């Protein structure tokens, strides 16, 4: 659906709000290009001269959170494809609900992001992240405040979520095939977050940009608070979504074509009488994309210059500085191009994101091996990494072809019993309006009937939160064994 009359579409004020967000982001890049016009080294451009303090870095880390939970942590050059997905996916969802021009949004956000990254370097990236984080929070709060007002307070929203089975904190089922339990989130989530904050190039680059180790540590502590607030806002926004549509699910009713369009649909529904606020939410969504893409572009340029150019060329610092800007521009253009490729991926988009995320576990294992095992050698590290990658990809790809049974996912009930769809296709919530055609159907949750799951299917049905754990363990164990066999034990035998 695109700009349905029953929900509303973008107004001039909404486009203005969105445009202001893009202009302010671009202006930050121009400012730092002028302020740092005397910078002579690639370090100034790529790490902000290591002069940043904890507060902006912590907020920048928080702004990158939305991308981090999606992709976990990847092999660094695969970020080119991922950033294309990050640009395209929200544009598609918002286009189909708000009627906002798809490729206009894709190209404008891609160009603005590339512009301020190229002009201002990491300092521009960090400070635009700070601005974009404030926009994201404003977007969240606009939805939450309006939903609370419409539903009659916070307590009714919590009550609706509890009665609908949306709040479940105490599921201690140890079955590793269950998608979300206390154990999968606690154990699997520990490895996921370790890979995000421990080895991700974009995150580590921000630590390096701090003026001291103490400032880097402080940035992580402040980021923890910001992260918790973002999590609470996102969870409660989801609870608001359920409370508003608990009797009439737009996805089940066919009013949206995918679950990721539900939140934009809610925004256009409850905020349509407040010009500019739907635009604020869209600006918030794209702020998340901008912070993600800018971090990736800057990280890719850093890896190229520091790992591929500096060690093997005799370029001066000034030349490397210009190369850094050139690489930033190149990767920005490539990411926009990859957004076009992402439009062709169709149904495998979700699979691509999942597979990229699987790679984070083996990489975490590689770094862990180097830290805790001083006897590890290059043969062990490489063999361990490849073994972890093969096994993780095997499980991850298998999960796409053999999805877990509903018993393990335990889908929650969705209903359209409260929906009325007129002949014009507009949605109302009045249950007894004359002259309208009633549509009502309910999907019933699936319960465990005791059927035995086949062993082969069970392996592929492992909770996705354990993929990182598997990759990490395999990489470390294989790395240790190969290092011992080709290193210390070999030396002892031949001695």
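Cβ atoms are placed via backbone N, Cα and C, with glycine included.
Just so it is clear, the model here is predicted, and its values are computed rather than measured.
Annotation comment: TrEMBL describes 12-34 (among others) as transmembrane segment. Non-local neighbours of the transmembrane segment (12-34) in the same chain are 98, 108-109, 112-113, 115-121, 123-124, 127-128, 131-132, 135, 275-280, 282-283, 286-287, 290; each lies 6+ residues outside the stretch with a CB under 8 Å from one of its CB atoms.
Here TrEMBL flags 54-73 (among others) as transmembrane segment.
The transmembrane segment annotation in TrEMBL covers 80-96 (among others).
TrEMBL lists 102-119 (among others) with the feature transmembrane segment.
Among the features that TrEMBL reports, transmembrane segment is placed at 180-199 (among others). Sequence-remote contacts of a segment are chain residues at least 6 beyond its ends whose Cβ falls under 8 Å from one of its Cβ atoms, and for the transmembrane segment (180-199) they are 61, 68-69, 72-73, 169-174, 220, 360-361, 363-364, 367, 463, 465-469, 472.
Among residues of the same chain six or more beyond the transmembrane segment (220-245), those with a C-beta under 8 A of the stretch's C-beta atoms are 54-55, 58-59, 61-62, 65, 133, 136-137, 140-141, 143-144, 147-148, 150-151, 156-158, 160-161, 164, 166, 197, 207, 262-263, 266, 269-270. Feature annotation from TrEMBL assigns transmembrane segment to 220-245 (among others).
Sequence annotations record features per position, and here TrEMBL assigns transmembrane segment to 280-305 (among others). Taking Cβ pairs closer than 8 Å, the transmembrane segment (280-305) reaches residues 10, 14, 17-18, 20-22, 25, 42, 46-47, 60, 63-64, 66-67, 76-77, 79-80, 82-83, 86-87, 90, 94, 98, 100, 105, 109-110, 112-114, 116-117, 121-122, 125, 128-129, 131-133, 135-140, 142-143, 201-202, 205, 264, 267, 271, 320, 323-324, 327-328, 331-332, 335 in its own chain, all 6 or more past its ends.
The annotation transmembrane segment is assigned in TrEMBL to 326-345 (among others). Nonlocal intrachain contacts for the transmembrane segment (326-345), taken as residues 6+ away from its ends with a CB within less than 8 angstroms of a stretch CB, comprise 80-81, 83-85, 87-89, 91-92, 106-107, 110-111, 113-115, 117-118, 121, 293, 296-298, 300-301, 304-305, 352.
What TrEMBL lists as transmembrane segment is 351-373 (among others).
Sequence annotations record features per position, and here TrEMBL assigns transmembrane segment to 380-402 (among others). When Cβ-Cβ distances below 8 Å are used as the criterion, the transmembrane segment (380-402) is approached by residues 351, 354-355, 358-359, 361-363, 365-366, 369-370, 456-457, 459-462, 464, 467-468, 470-472, 474-484, 486-487 of the same chain, each at least six residues removed from its ends.
According to TrEMBL, the feature transmembrane segment maps to 464-485 (among others).
Sequence-distant contacts of the transmembrane segment (464-485) (same chain, at least 6 residues past either end, Cβ-Cβ under 8 Å): 72, 176, 179-180, 184-185, 187-189, 191-192, 195, 354, 357-366, 368-369, 373, 375-377, 379-381, 383-385, 387-389, 391-392, 395-396, 399.
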